[in-house]
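Here the structure comes first, spelled out in structure tokens, and everything after it is commentary.
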């Protein structure tokens, strides 16, 4: 019988990522875990609908036995079974993030007995979660280099608070893992600005694009009008394609916040990324930790290690025989992964 891993949900940034990473790793390694103080660092601690959906999805995919899987619970015991490929559908029932639920279960399906499709309904444009276009255009090309083949499709947008969005991913078992080296970003090839609108006047998008164009030379400027019933909602994105990596940044519009202020927030974030020679942005760094750890080697550079990143690393090291080493050099932090030997 494998040992039970005990996790403190209040460690580090104290959010839901601790539990999501633990669920992924438990399904992959077969190691059971218990976590207390779930989301202790949040204003409303405990399991919300999004987190509960992730737990139920993980339970279904591997036939786990679970204790504490209920709304508001701050304690969870998870004993995994065998991961099974298949066609899965999960509904969050709110505007909670579809991609964060997918992020929980897809790594386990890299080790399944056959191909899978996972469809999640809920929120797709959430200020605190990666949108589907980030997964599709930024993360998945890097996963392919590691040897992980999955394809995400956004079937319908769902903005806060209504939700109603749908995201689906098709994924195949991994034959073998490759190491990823992301030390340098390289020269910028082009930048693309994009605005999504649903039930919001077009002049809002035009003002947002104008704000981006005032700060950056945009190769493309795209405005996409979505059906009104998918809103109201507004998202502004800016994609930076460099020689070695593509990064994508986004901001979700808010009521009573002007188009110029919304776009200026995005400009500030992109300028912060470009001011450093680091290859990887803050949020992409979080996404790379688990797949690169499964590969057992690799490295990337980030401007500054966030508390979120450090917390995720700590959880991964509890489950996998790897060590992360962080070294500051030439104005960036180099994150290196090595496999531990017996």
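Placement of Cβ uses the backbone N, Cα and C atoms for every residue, glycine included.
A quick note: this is a predicted structure, and the numbers were derived from the prediction, not measured.
The feature ATP binding site is assigned by Swiss-Prot to 103, 283, 284, 285, 286, 287, with similarity to another entry given as support. The active site, tele-AMP-histidine intermediate annotation in Swiss-Prot covers 308, and the record cites similarity to another entry as its basis.
Annotated features taken from Swiss-Prot, shown on the structure.
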residue: 103; record: ATP binding site; contacts (Cβ under 8 Å, 6+ apart): 20, 24, 130, 287
residue: 283; record: ATP binding site; contacts (Cβ under 8 Å, 6+ apart): 130, 134
residue: 284; record: ATP binding site; contacts (Cβ under 8 Å, 6+ apart): 138, 139, 247
residue: 285; record: ATP binding site; contacts (Cβ under 8 Å, 6+ apart): 300, 302, 305, 306, 309, 335
residue: 286; record: ATP binding site; contacts (Cβ under 8 Å, 6+ apart): 17, 306, 308, 309, 312
(request) Would you mind checking how many other C-beta atoms are within 10 angstroms of the C-beta on residue 287 (ATP binding site)? (result) 21
(message) Name them in sequence order: residues not among 103, 283, 284, 285, 286, 287 whose Cβ is within 8 Å of the mean position of the Cβ atoms defining the ATP site.
(response) 130, 139, 282, 288, 289
(request) Count the Cβ atoms, other than its own, that fall within 10 Å of the Cβ of residue 308 (active site, tele-AMP-histidine intermediate), considering every protein chain shown. (result) 18
(message) Restricting to the record's ATP-binding residues (103, 283, 284, 285, 286, 287), give me the longest CA-CA distance in Å as a whole number.
(response) 14
